[in-house]
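Down below is the structure, laid out as structure tokens.
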Ligand SMILES: Cc1ncc(C[n+]2csc(CCOP(=O)(O)OP(=O)(O)O)c2C)c(N)n1
């Protein structure tokens, strides 16, 4: 590992020191930061958080005359550095550019202008971005800031309800960045709360008692629908590589390099707040890239892969049980933090973004396109389930990234919610015959058949070892 790190550092000519002041070369960031937010929705959910772009005009506030009885949250960790495997790919592309022996022309000319690559310390790979590990101190898009702001918004939105609910457990999958997000959120809530953070193992051996069923599902095959995903045209990537190579004679960027530039853009925004590489792409190229990500997510972790209904049923079943027990349970606030694909699996089983029209790899269905993955799983994604009572009836609805997303066939309650008994019927249909343990062949990695941490945390105390993955 040490050797591999050193090799990568040498490959990239990396710098170990990072600055907490604004060095001269980042001065321009002061006026540039904030000018790229319109492209966040096209970055495959790897760039900074943004609210769901279409809120239908429905307020996420509790409708008047109603009172909250339970709140659930399933959230993704905040903005992060690339994973180790993605970091390696980005460093390879950066290495090609760094060794180009001539002056750059066109949209890459910023590299000659004192540019330093945004991965400055390999220890940051996989980690949440923070004020401390950011490339410069004025980055407003850190995972740390996002989690702390989210907690303040949560406080503001549910102030009255939280008044009487100040003691609860918060649940985090055992990845370091997931844990850190939960901790930043808890810190930001302040000392008027008494919160116990439960770290639930995301090792395959955790079996069904997990917030990250993706890691305990040996039956899942990423290549199951590779023929569909792989048939998406890469013409847009060829055009990018050819344009940059034409502008810079002797540069030999490949289609793979062109693809990597999108990740560079997204993750540099998380780590620095501004990225010149984002300006390489035309709006059309961003749309193609974004739709390719939708296709991939749809057929690997969404409605296009029937196995996912069972994977997402694990958390959905637990969520339904908590809703049904809301009167009996002392705890009324259930906040959980995990990874992107796990939230996507859950939303797939709920059926919130499934119009039952299969995504087509041969064209972009502009008119019939519900499945915009980045809109529901950006970094810092937050899926709330609200249960409230209005004149003796209970209602349930979802709020995804600040927008109320009504159930298509059950939205005639106050605030376009679904009456509780109708909701349970709906949920029963969605989860019927979905058995996570069996469908995923979990028995080959674990003999734990049930999700119990919500009910036994007080006696079991979940304290799993944190993983840098
Ligand atoms: C059902 C399922 N099983 C296994 C996987 C494999 N897998 C790919 S990514 C991932 C979790 C972490 O993903 P990452 O891209 O690091 O997400 P993030 O932490 O940024 O949310 C898993 C379990 C999967 N995507 N789906």
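Placed from the backbone N, Cα and C atoms, the Cβ positions cover glycine too.
Just so you know, TrEMBL annotations never went through curation; they're auto-generated.
Residues or ranges marked as signal peptide in TrEMBL: 1-19.
According to TrEMBL, the disulfide bond annotation covers 66-390 (among others). Spatially close to residue 66 (disulfide bond) yet at least six residues away along the chain are 388, 389, 390, 395, 414, 415, judged by Cβ distances under 8 angstroms.
If you look up TrEMBL, you'll see 77 marked as active site, nucleophile. DSSP gives residue 77 (active site, nucleophile) a coil state; it is part of no helix or strand.
Spatially close to residue 440 (disulfide bond) yet at least six residues away along the chain are 213, 216, 217, 218, 219, 220, 307, 310, 311, judged by Cβ distances under 8 angstroms. As annotated by TrEMBL, disulfide bond applies to 217-440 (among others).
Summarising the annotation, TrEMBL assigns disulfide bond to 265-278 (among others). Residue 265 (disulfide bond) counts 24 other C-beta atoms within 10 Å of its own C-beta, drawing on all protein chains shown.
If you look up TrEMBL, you'll see 340 marked as active site, proton donor. Long-range Cβ proximity for residue 340 (active site, proton donor), meaning a same-chain Cβ under 8 A and a gap of 6 or more residues, is found for 45, 76, 377, 381.
Of all Cβ atoms in the shown protein chains, 22 besides its own fall within 10 Å of the Cβ of residue 418 (disulfide bond). Look at residue 418 (disulfide bond): DSSP puts it in a strand. The disulfide bond annotation in TrEMBL covers 410-418 (among others).
With a CB cut-off of under 6 A applied against ligand 1, the recorded positions 217, 265, 340, 418 are reduced to 217, 340. Residue density at residue 278 (disulfide bond): 23 other Cβ atoms are found within 10 A of its Cβ, drawing on all protein chains shown. Of all the recorded positions in the record (77, 410, 418), the one with the smallest CA separation from residue 265 (disulfide bond) is 77. You'll find the Cα of residue 418 (disulfide bond) roughly 41 Å from the Cα of residue 278 (disulfide bond). For residue 410 (disulfide bond), the number of other Cβ atoms no farther than 10 Å from its own Cβ, over all displayed protein chains, is 18. Here residue 77 (active site, nucleophile) is positioned 23 angstrom away from residue 278 (disulfide bond), judged by their C-alpha atoms.
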